[in-house]
Structures are given as structure tokens and as C-alpha cells.
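**Student:** Please find one structure pasted underneath; my questions will follow.
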């Protein structure tokens, strides 16, 4: 098969990871002026798709997305074609749609989304020491002042059909396990976890093992039980007063609330500087990254790390994808790095993503698409990436007017980001193919309804 004119001068083979849209692996003569629109027409013709059945595709040549013509792409990236080029394609990712901007009283420092029952909800933490629950329609359901200092991280735990539990951590050196009665819209502080000696900046939950992990500026990783049973009540039971700075503002406002305390199951000390992120790979393995320029893989059962990966710059965040068993990390040098911890040959760092102009503060994999993730930065942008394009993101999502401190993509349909402009930005995302449905169902079952 040849191109549409006499100027065809590049031989191309089309490959895809989606068997529903695969075409014969044969060399096709392509004119150098062809862009993604022309290439989409060729793929649709090979698939015998016409009219309303036509699909729009995006294309990747040597780890970069095709934005202009094939000739412009080859020249821009210094690619020399000797025989033929391999062109990877996938269904084009729709442009994320700005849905809402949710105003807070101070910096939005933490966010996590989850499906609770039949609703998709957003949990945020702020520098005004509060935690807030929102709907994706922008309605504020409840706000609680649960800490004495800024909230640094939040995480939904699980929903039992009546109560939804979540965790917040703070600069006040504590992590608190909360229970929210969804029908009554009332919240109880179930457990205060004490043991850290400095700010607790990160948290992650492993529901199957009933454990969660925290860490922060004391360099120590601590594992805790998510159970609300077999806890011990604080020895002191006197009523809280406005002047009792040792008690949280929540306890001051609710003096009858019984607050339990808990000590960690285990403490893991190996990092030499602040730990900036912790993430469970499964119930027996956990990841941490730190300002000490290391990424560690922990064997939880033996209580030690099984792999110590050295980076060249400080780590600010990490995210692990069970879909591709890979890790993306955010750094202070403006770059994002892709790691394969299973790699036995060559570099463990498989790619560097370069586009941000400021510190990259957070990264989050898509829960439905194995090649996509988002990042947030001090440059006020959230970027949507595909791992097949290292220098050009799919989209830049604008709207923030100050540094972005956090982002989340735990629900396939919604991307969220919070920043120093006191805003939480909510973006709508449509999955580019039907295969996302199976992964969506897996995600929704994580928080049982």
C-alpha cells in the first residue's frame, strides 16, 4: 500500500498495544508531509472504519508524540531514516475538561479521591489545619479542624456501607484515623497515632493487610494498624480547653469526643533525610523516597529494604502503577523519572520526562491507562503524560495562579490538583478506549460499597 501522492518517501510500520485496533504489520509508503490526521485516515481505512465509526488516533515515533508532520518530527528530533520507521499509535486521549475550582481558606496541601458508595468524593487537607470532604459536583459536605498544624497528607481507607474511614497527617507530628458516618454526615476521631518526632508528610494505605504507613521529616517510616478495635484510651480524660495546646482544635470544639491513641507496629529507619512519599506495591512490599536522593523497596515481612535505588537529585514524590509495575518519581530538578525496579540489566531509570520549569511536586499514575500519568509543579501547571513521549506531554492543564502542591488521579474520570492559590482544580477526563472499564471496576471495588 502506498501513500496518497508521488512524494511518498518514508516507509512506516504501524504498531499498537491495543489488539482491538491492530493492523497488519507491513511497510507502508508515507509522504513526509503526512500528519496525525493523515495517519489516522490510513489506520481507519485498514480497519475498514467509515463515517461515524471512524476513530481518531495519536502517534508516537521513537518515544515522542507526533505533533506536526512526519518530516518536521524527524528533523526536530534528529532522526535519520535508513530503512523504515516504526510508528506506534493509540486512541487519542480527549482534552481534559475543567469542571470546577473549589476555594479553601489556605493552601491546599493534600488531596485524595475515591468512590464512596455511589458517589465520587474528594478528600482535601489544607494549611489551615482542616480536612474537607467534597463531591465532584463542587459541594462541600463537611470540614473538620482536626490538627494543630497544617495538614500534609490525606488518604481514604475504606467504606463499609455506613461509615467511611480516612487518615490525615500533619505538621503536628500525628496521624489521625477518622470515621465519617455518611448518612448523618458526622465525623469521629477514632485513633491518634503518635510516635513521629517531626512533621508527618506522607501516608499510604494497604487495605488487605489492615495497615497504613506514614513518614516525614524525622526520616523514619512507621507502620500502623487501621483497626479501630483494641485501642487504648488516653490516660488523661480531663475536658479540653482553649488553652490546652496539646489537644487538637477538633477536641477543643468537641470535648466529649473520646480520643484513642496508638503506637506503631514497626518503625523502619534507613533514610538520612526527610521521607517525601510512601507507597505500597502490595501487602508485603512498600516504596519510599527521600530528600537523601534514594528510592527504597522495602520487604515488610523482614522489616528491611530489599533494594536501594540511588538517584541524582532529591525525590519529592513517587507513584507506583500495578498496571505496568513501574514507578514515576518527581524531583526538585524539574524532571520526572520512570523506574523499573525489576530491571536486572542496564539502568533502572528507563526514561526522563522534561517539560516543567519548576519543582515537580507530585505525580500520579492513571488507574485505568498503563501508559499515562499526571504531574504537578511549582510552575502552576498540571501535565498529562504518556510514557511513549518523554519530552512533550499530551496536555498542559492550566488554571492555578500559584505553586501546585499536590495532585491525584485515583478515579479514572477525574484529575484534581491543589495549590498555594487556595484552590482545588477539578478536571474531567474521558477514557480514550473501552478497555478502561475493567480497570475502573477494579478501582471501584477497592472501597466497597
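These residue numbers are counts, starting from 1, taken along the chain as shown.
From the backbone N, Cα and C atoms, a Cβ is placed for every residue, glycine too.
These numbers come from a predicted model, not from an experiment.
Annotations for this protein, taken from TrEMBL, read as follows:
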- 11-74: domain 'NLE' (DOMAIN)
- 144-179: repeat 'WD' (REPEAT)
- 193-234: repeat 'WD' (REPEAT)
- 268-301: repeat 'WD' (REPEAT)
- 318-349: repeat 'WD' (REPEAT)
- 353-395: repeat 'WD' (REPEAT)
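I'd like to know what surrounds each of these features in this structure.
**Tutor:** The domain 'NLE' (11-74): residue composition by secondary structure is 22 helix, 15 strand, 27 coil, according to DSSP.
Summarised by DSSP class, the composition of the repeat 'WD' (144-179) is 0 helix, 25 strand, 11 coil.
Here the repeat 'WD' (193-234) has Cβ contacts under 8 Å with residues 149, 152-158, 165, 167, 169-177, 179, 258-269, 271-280, 282-283, 286, 288, 290, 292, 298, 300, 446 of the same chain, all six or more residues outside its ends.
Listed by sequence, the residues of this chain that lie at least six past the ends of the repeat 'WD' (268-301) yet keep a Cβ under 8 A from its Cβ atoms are 201-206, 208-209, 211, 213-217, 219-223, 307-320, 322, 327, 329, 339, 341.
Taken together, the residues in the repeat 'WD' (318-349) have a mean pLDDT of 92 on the 0 to 100 scale.
Sequence-remote contacts of a segment are chain residues at least 6 beyond its ends whose Cβ falls under 8 Å from one of its Cβ atoms, and for the repeat 'WD' (353-395) they are 17, 58, 60, 63-65, 67, 88, 90, 93, 95-96, 316-321, 323-324, 326, 328-332, 334-338, 401-412, 415, 417, 419, 425, 427, 431-432, 436, 439-440, 443.
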**Student:** Sequence-remote contacts (6 or more beyond its ends) of the repeat 'WD' (144-179), Cβ cut-off under 8 Å?
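**Tutor:** Answer is 106-107, 109-114, 116-117, 121, 123-132, 187-194, 196-205, 207, 212, 214, 216, 224, 226, 228, 245, 248-250, 253, 447-449.
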**Student:** What is the number of residues in the repeat 'WD' (353-395) that are helix, strand and coil, as DSSP sees it?
**Tutor:** 0 helix, 20 strand, 23 coil
